[in-house]
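Participant: This structure is in structure tokens; I'll ask about it shortly.
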Amino acid sequence: MDRKEMISMILAGGQGSRLGILTKKLAKPAVPFGGKYRIIDFVLSNCSNSGIYTVGVLTQYKPLELNSHIGIGTPWDLDRRDGGVYVLPPYQEESGGNWYKGTADAIYQNISFVDNYNPEYVIILSGDHIYKMNYANMLKFHKEKKADVTIAVIEVPIEETYRFGIVNTKSDMEIYEFQEKPMKAKSTKASMGVYIFKWTLLKRFLKADQSDKNSSNDFGKNIIPNMLNSGIKMYAYPFRGYWKDVGTIQSLWEANMDLLKEDNELNLGDLNWRIYSVNHVEPAQYIGPKANIKSSIAVNGCEIYGEVKNSIISSGSIIGKNSKIIDSVIMPYSKIGDNVIINKALVGSNVVVRKNSIIGDGREITVIGSNKDIKAESLLVSS
């Protein structure tokens with residue numbers, strides 16, 4: 001097997017508990033996004049567009065739909081004989097198997113997979129972030145700095161630093177301190193969960209971490225601090241572009257709404273950096289004679305007979321006559337009946353909302369889980 005300069009390992013096993021009923025039956029990276037995508041499509045597309053064609057996807061929680069979506073990687077040009085995409089569930093030993101105990105443990109359990117390719121570098125990625133990034137540029141930075149580890153960082157508002165791992169750097173971006181979700185941060189450089197490591201170095205620290213019974217087996221809590229304490233040369237790679245951790249209902253709704261802005265940074269129409277997904281064969285969208293659509297995305301296969309404003313109507317969904325969809329996301333194959341008002345909501349896949357119902361009041365985000373059947377004349381408002 002030819003040696004790879006760099007392979008990627010995507011952490012995609014998260015339960016996504018903060019997304020509530022949207023992840024009751026599927027992993028967070030498999031949640032629909034933007035009308036025709038799933039969240040994991042972004043990191044897979046980034047790998048392909050960056051020339052990384054050997055990809056391990058580490059799954060765990062409710063993996064069936066995610067595994068089916070990824071398949072052999074054809075939509076992302078990852079169905080290759082020399083490389084490809086591999087779904088890696090928790091390792092099963094003769095004595096039984098355990099779930100991944102943490103992000104570092106997930107990589108540790110797959111050391112043999114990485115060793116098969118004998119890469120010089122490994123890039124560790126999260127499968128639940130929305131962004132477009134050229135990892136080849138980050139690797140170039142890593143080499144120029146002669147770094148052992150490089151962490152991609154993005155500037156965040158000071159009031160949000162408590163949600164992230166925060167890096168403190170010298171003027172040349174060398175990292176001298178890492179604060180995991182600090183109450184009082186010293187900088188606003190937040191880790192994006194994108195790491196490049198020299199593989200031999202990372203493997204050594206993973207094995208040492210595994211032998212520490214008090215470790216959480218986590219990159220942010222254990223591996224990165226341990227490396228810094230050992231004097232490992234670590235740099236921060238500044239990323240300037242759109243990036244969103246869609247781990248909450250609020251952030252998922254915001255990321256979808258961001259797509260509807262005229263000057264949206266993500267720009268899914270950019271032909272130079274396409275976001276690929278599984279393309280189901282759908283008929284063209286149908287817009288009824290009395291439909292009214294404004295500042296919205298309506299994907300192939302949907303039918304719209306009512307009013308849609310600042311919303312996303314996903315593939316295969318139907319909006320009934322005299323219905324109003326405002327500031328909302330209707331996920332794939334949902335059926336909205338006649339005379340329904342949906343205002344500031346996330347409606348899951350395969351949902352039926354029957355006639356004369358009201359969903360949401362435009363203040364808090366109302367969420368309806370997948371496969372729900374909302375009876376006629378219902379009133380559902382987030383409390």
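Even glycines carry a Cβ here, placed using N, Cα and C.
Annotations per Swiss-Prot:
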BINDING   Y100, G165, E180, K181, S191  alpha-D-glucose 1-phosphate binding site
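Neighbours and distances for these, please.
Facilitator: Close to S191 (alpha-D-glucose 1-phosphate binding site) in the fold, though at least 6 residues off in sequence, lie I151, A152, V153, F164, G165, I166, V167, F178, G220, each with a CB less than 8 Å from its CB.
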Participant: Among the binding-site residues Y100, K181, which residue has the largest number of other Cβ atoms within 10 Å of its own Cβ?
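Facilitator: Max Cβ neighbours within 10 Å, all protein chains included: Y100.
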Participant: According to DSSP, which kind of secondary structure is G165 (alpha-D-glucose 1-phosphate binding site) found in, if we only use helix, strand and coil?
Facilitator: strand
